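A short worksheet on the structure shown next.
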Amino acid sequence: MAKVRGMREKCGIFGVSSEDAVRKTYYGLIALQHRGQEGAGISVWNGRIRTIKGHGLVSEVFDENSLNLASNIAIGHVRYSTSGSLSEVQPLEVRCCGYELAIAHNGTLTNFIPLRRLYEGMGIKFHSSVDTEVIGISFLNHYSQVKDEFEAMRRVFEEVKGAYSILILFDGKIIAARDPVGFRPLVFGEGDGYYFASEDSALRMFGLETRDVLPGEVFVIDGESYESKVLAREKHAYCVFEYIYFARPDSTLNGINVYCARYRMGVELARESPAEGDVVIAVPDSGRTAALGFAHESGIPYMEGLIKNRYIGRTFIMPSGRGLKVKLKLSPVREVVNGKRVVLVDDSIVRGTTMTRIVKMLRDAGAREVHVRIASPPIRYPCYMGIDIPTRHELIAAWRSIEDIRKEIGADSLAYLSIEGLKRAVGTKNLCMACLTGEYPEWAFNF
């Protein structure tokens, strides 16, 4: 099945030390399903590591028998990629230096290739092509020398560069860590046990007290007790696209609620680039919250002008024509847009092909004018820290002016949120915006 490559989150992770750990991990992964729909896995400890994983949605990979595995400790993972063999679905089991672990990783390493060559030169054999394996080997290599989880992770922080929030199942313990910059989110929860998740929305169902794992912080969960230490400090740079697109709206990351940040993006956009319109509509679902903010600030009524078909899933056999794909996923409400000046709000434009189809769809439904407003700045650069953004050549804003993009998509007007407006909306300057500015955090490339 052909896949149109767009901008996607790499994955989500979940871990728990508590009774009925496997079933709780299953529920947690379902809550993180938006972060990856192409593969899932759970690793447990009951005297040894056992891993169940497969391609597909969480509900497709696990059955009742697998959920009945007896264990009070488990980690899990959801991934987006359709490429690679089952051996590359996480958690990965890694064996090195006389030890073994299972590891789940959200992010991307920037020095994966030189590190892999280093360890291969030491005679260590790799069993996958994913960068996650390097983290596991780095940890086991250093642990074999120091016999201490914290010191081993301190050395990992010095050696491994890039974006990584990780959960490691090792010797009956869970080790959780977030890279010193804090690119990718990770949350700790405490209640009837100890929990970790990429987003706090995946922990809320368990009634826990939660907090962010700090950048450079490491947890070691050992039965009914835990210890945590901040082992490395760098200038924080939280991925801005977690707030723009990837995280669930009901999540709070780094003390900032995602829904409120997206709503403020719409407010800032309306202030910076007002439009004369009769109705504000969103590209569902990602543009909805910003569209509500835009409508409130502009005084233009918000209505649902595009309806999303929620039953086109991962296994749907897509037609070859791009236009038909968009029409299968989205349908205009003619009565909402016919004869109207429509303000269309979305979170971002990657290539521009989908937006072109949507604008035409609205015109075919009778829209008199279509004014496109994008609740983020233009994406001009690729991401090397865990978001699958296409190459720069494929990014329409990398090589075309905003006016050229407007003509390409067929809109009457086009405006993006500014960098400063985005910072105001999110409410922190500690953001990685490399895909928007081309300014990559120094630590991730200092090797």
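Each Cβ is built from the backbone N, Cα and C atoms, and glycine gets one as well.
Site annotation for [4Fe-4S] cluster in Swiss-Prot covers Cys383, Cys432, Cys435, and the matching candidate from Cys239, Cys260 is Cys239. Going through Ser286, Ser413, Ser418 against Swiss-Prot, the one listed in the Mg(2+) site together with Asp346, Asp347 turns out to be Ser286.
Sequence-distant neighbours of Asp346 (Mg(2+) binding site) (same chain, 6+ residues apart, CB-CB distance under 8 A): Ala282, Val283, Ser286, Gly287, Met355, Val372, Arg373, Ile374, Ala375. A Cα-Cα distance of 15 Å separates Cys11 (active site, nucleophile) from Cys383 ([4Fe-4S] cluster binding site). Here the Cα atom of Asp347 (Mg(2+) binding site) is found 14 Å from that of Cys435 ([4Fe-4S] cluster binding site).
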